[in-house]
Amino acid sequence: MADANINYNTAVNYWESTTSDVNGVLGGYGEQTTLPQVEQQGSLKFIKKLKSRMLMNKDEEIMYGRRVMDFGAGIGRVTKNVLYKINEGNPHQQTMRFDLLEPASNFVDQMRIDLQPVNEQGLLGDIYHMGMQDWPHNVQDGSMNNKKYWLIWCQWCLGQVPDNELIYLLERCKKLLVKNGTIVVKENTINSFGLDEQDEFDPQDSSVTRTDNKFRWIFEKAGFNLIACERQKGLPEELFPVRMYALKPRED
Ligand SMILES: C[S@@+](CC[C@H](N)C(=O)[O-])C[C@H]1O[C@@H](n2cnc3c(N)ncnc32)[C@H](O)[C@@H]1O
């Protein structure tokens, strides 16, 4: 299986050897290309369509706020350009808190700089300098106490963990969502036309690209319903198809 080749240290070493900017986190598709703008707009449109299905119970909003997690956050690009904008200019924004998780030290240093405006508004939550595989059970600073998420965003990072770890991670996330909480997964995928397509391992950043079918199987296994799925439009043809999946916990 492709995911048996994943090595966490090789991955972090690779990411720590890249530049701490959009070009570095997006493998050469930085701000000199249209990709960041196009994909950020695509995410905002996807969320806009979901908004009526993301209403939050008032009591929970008072208790937990609209807390968002950005997994494998890199330099905080997605938080800054997408997640922060979801409620920009409306009263819900004040209840939002943005947590980020990222194992590469150079990126964590950079996100603290790039997210300074978010921090100045008191909206920056906790930064977890660790891999997803260690969260939240290896968080020892008490910051996970009485915390629930309105939205957990996973973009271009889930290929860094093997299938069984990903299922286990999603199961943990499920317990950390508010009642009507949502997980969005935005990842490179391989089209599933039949049953023959296989996940592909990339030795450079020690990650796997999964087939669309594999993702759907993992979501099902982890106890989620897929409520929306869209393919990101307007990306360069040489890239893998990028899909956005919105997930809600299944009531078993
Ligand atoms: C392609 S970049 C995407 C960054 C960000 N999501 C974005 O779209 O701008 C992949 C990110 O996953 C991070 N990563 C690598 N291994 C990880 C792990 N085990 N857990 C969480 N993130 C990881 C990398 O350090 C890097 O920041």
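Glycine is no exception: its Cβ is also placed from the backbone N, Cα and C atoms.
Taken from TrEMBL as is:
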- GLY72, ARG77, MET132, GLN133, GLN155: S-adenosyl-L-methionine binding site (BINDING)
Cβ atoms near MET132 (S-adenosyl-L-methionine binding site) (within 10 Å, other residues, all chains): 23
Cβ neighbour count (within 10 Å, all chains shown) around GLY72 (S-adenosyl-L-methionine binding site): 24
Sparsest-packed of the listed binding-site residues (GLN133, GLN155) - C-beta count within 10 angstroms: GLN133
Per DSSP, three-state class assigned to GLN155 (S-adenosyl-L-methionine binding site): strand
Distant-in-sequence Cβ neighbours of ARG77 (S-adenosyl-L-methionine binding site), under 8 Å, six or more positions away: VAL22, VAL25, LEU26, PRO36, ASP114
